[in-house]
């Protein structure tokens, strides 16, 4: 039978397909019956066989928790496997040889730094700590100040002996402590890398603890302060036992040690002592109580110096003979700069940036000694210290004009150090003659080396590649080359092929003008004149005063290693302080231990932008 497909094709009724559909339907019905019968069979079986027993899970009771035994075994196994793996790795790490990169040997500047700091241990007065590390030194000067009847100063134990004698001159001692503090503030990372940070801070504190005894540091104002302990007067044939007539170990001193005070013109001494205390307060800023004590003392003594105008050395013959101060205006700027950094009080900045202050200090004079930084003249150091403020904080009006002047003058000083300009003569061996051929030149050259290196680091930190000398531009590397040339000369790169730092290298001075180093520690007490035989002996000193930088050669690079010729062989606190500062500034460059610390010195300085105005009063209708 045929029909027609409505889409155009034939439409057949296929009987075969129809039959197949019937068969398929019957098969499906059979499957359904089979599916229904299977659970019935299982049910019947359960009646006959009984219920199937379920397999019980096993657990482990750990006391605080119950866990599956399977999980417990898996966890323990994992931990054991991890422990075995860790042990295996540890065994490999410990047994397999490791190849460490070799630590570069310390450079000469770092080696010399260790020794130069040790000199201060040898110069300590008072009851020495057990770790002083100078075997031939002992307690000394324990009666200092105690014999002064009617005096406020009953305890002046401590501090440092100035040079080869046992006098404590507070003016150069304060300068030495300021230099040590300045070097720590700028280069604490280098001290830390050299393992000397704790040591140098202990040396500074030894000095500042003593300074706090030299005036009434707990008062709000003072009328005098100590300038000197001990005497060296041998004028007019004076034979009274004192620190210059006698030649004795400091430990054996039995003569009177007079105390000299200053109650008239003390501006230079007071301002320098303020600089020492203020700079040290930054070094010890983490010790809040001690730092606060130092700041208070610095304020009191600086104000005293401003009130009692005059040179401290004008009133005493000994001070004018040994450490004569040429003026006090440079100390006013130097001390005032440190007071500003230590306190953040803008009053100090206003004071030291007055043009008249700079004029009195000789900032515009020039002259043959302009740029010579020393225990006497602090102007070059003060100008660099204030150039730092302009470079990194740029305080602007009203300080910019005078700070720019200080900065320009600092650049001129740096130009004067370069050999191309012939401002200062040099020996044939290359030593700069900042004191124009006078004796004891090394103390001035190390100071110049420090200032040059520090200015170079300031410029580098300010992303400034150099500076101008007239129309010519010079890289900061030129300053470091100058500094290295001076320190290398002192360490042995000179015509005599000898080191002027005792204990550095194999050839160095053996007849140092120093009482303690020249007399053996042999349980024999040599009296005032009994020690003369050691003073006049031609034999080398029995004790090595390690790290002492002697006065130095003459203008012809000549050197006489004669104990009694102090112009060649005597070391000083001020000289060694400059040496330490220059050495740490140049040290560690191969190990990349960092350069200056830009921020620590500004810890107490507040923001220099104007205070914003107060908010307006609340609006009311």
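Backbone N, Cα and C define each Cβ position, glycine as well.
All protein chains shown were included, and the count of other CB atoms within 10 Å of the CB of residue 165 (active site, nucleophile) stands at 24. The annotation active site, nucleophile is assigned in Swiss-Prot to 165.
Sequence annotations record features per position, and here Swiss-Prot assigns active site to 513 (among others). If you take the C-beta of residue 513 (active site) and look for same-chain residues 6 or more apart in sequence within under 8 angstroms, you find 163, 164, 550, 563, 564, 565, 566, 569, 570, 571.
According to Swiss-Prot, the active site annotation covers 561 (among others), on the basis of sequence analysis. Under DSSP, residue 561 (active site) is assigned to coil, being neither helix nor strand in the three-state scheme. Annotation for residue 561 (active site): same-chain Cβ neighbours under 8 Å, separated by at least 6 residues, are 509, 510, 511, 568, 569.
Positions annotated as active site by Swiss-Prot, on the basis of sequence analysis: 570 (among others). According to DSSP, residue 570 (active site) is assigned to coil rather than to any helix or strand.
Listed in sequence order, 488, 491 are the same-chain residues six or more apart from residue 108 (N-linked glycosylation site) with CB atoms under 8 A from its CB. Swiss-Prot lists 108 (among others) with the feature N-linked glycosylation site.
Summarising the annotation, Swiss-Prot assigns N-linked glycosylation site to 133 (among others). Same-chain residues at least 6 positions away in sequence with a Cβ under 8 Å from that of residue 133 (N-linked glycosylation site) are, in sequence order, 118, 121. DSSP assigns residue 133 (N-linked glycosylation site) to coil in the three-state reduction, outside any helix or strand.
In three-state terms derived from DSSP, residue 216 (N-linked glycosylation site) belongs to neither a helical nor a strand segment and is classed as coil. Within 10 Å of the C-beta atom of residue 216 (N-linked glycosylation site) sit 18 other C-beta atoms, taking all shown protein chains into account. According to Swiss-Prot, the N-linked glycosylation site annotation covers 216 (among others).
For residue 324 (N-linked glycosylation site), the number of other Cβ atoms no farther than 10 Å from its own Cβ, over all displayed protein chains, is 13. Look at Swiss-Prot and you will find 324 (among others) tagged as N-linked glycosylation site, backed by sequence analysis.
Summarising the annotation, Swiss-Prot assigns N-linked glycosylation site to 345 (among others). Around residue 345 (N-linked glycosylation site), the same-chain residues at least 6 positions away in sequence with a Cβ under 8 Å from its Cβ are 339.
According to Swiss-Prot, the N-linked glycosylation site annotation covers 408 (among others), on the basis of sequence analysis. Residue 408 (N-linked glycosylation site) falls within a helical segment according to DSSP. Under a cutoff of 8 A between CB atoms, and with a sequence separation of 6+ in the same chain, residue 408 (N-linked glycosylation site) has no neighbours.
Close to residue 425 (N-linked glycosylation site) in the fold, though at least 6 residues off in sequence, lie 432, 433, 436, 437, 555, each with a CB less than 8 Å from its CB. Sequence annotations record features per position, and here Swiss-Prot assigns N-linked glycosylation site to 425 (among others).
The N-linked glycosylation site feature in Swiss-Prot is assigned to 567 (among others); the stated evidence is sequence analysis.
Under the heading region 'Disordered', Swiss-Prot lists 1-26.
What Swiss-Prot lists as region 'Polarized targeting signal 2 (PTS2)' is 59-62. Here the region 'Polarized targeting signal 2 (PTS2)' (59-62) returns a mean pLDDT of 62 for the predicted model.
Taken from Swiss-Prot, the feature topological domain 'Cytoplasmic' covers 1-70.
The topological domain 'Extracellular' feature in Swiss-Prot is assigned to 92-621.
Rounded to a whole number, the distance between the Cα atoms of residue 165 (active site, nucleophile) and residue 216 (N-linked glycosylation site) is 27 Å. All protein chains considered, the CB of residue 567 (N-linked glycosylation site) has 16 other CB atoms within 10 Å. Distance between Cα atoms for residue 567 (N-linked glycosylation site) and residue 324 (N-linked glycosylation site): 17 Å, as a whole number. Other Cβ atoms within 10 Å of the Cβ of residue 570 (active site) number 22 in total over all chains. The two recorded residues, residue 165 (active site, nucleophile) and residue 324 (N-linked glycosylation site), have Cα atoms 18 Å apart.
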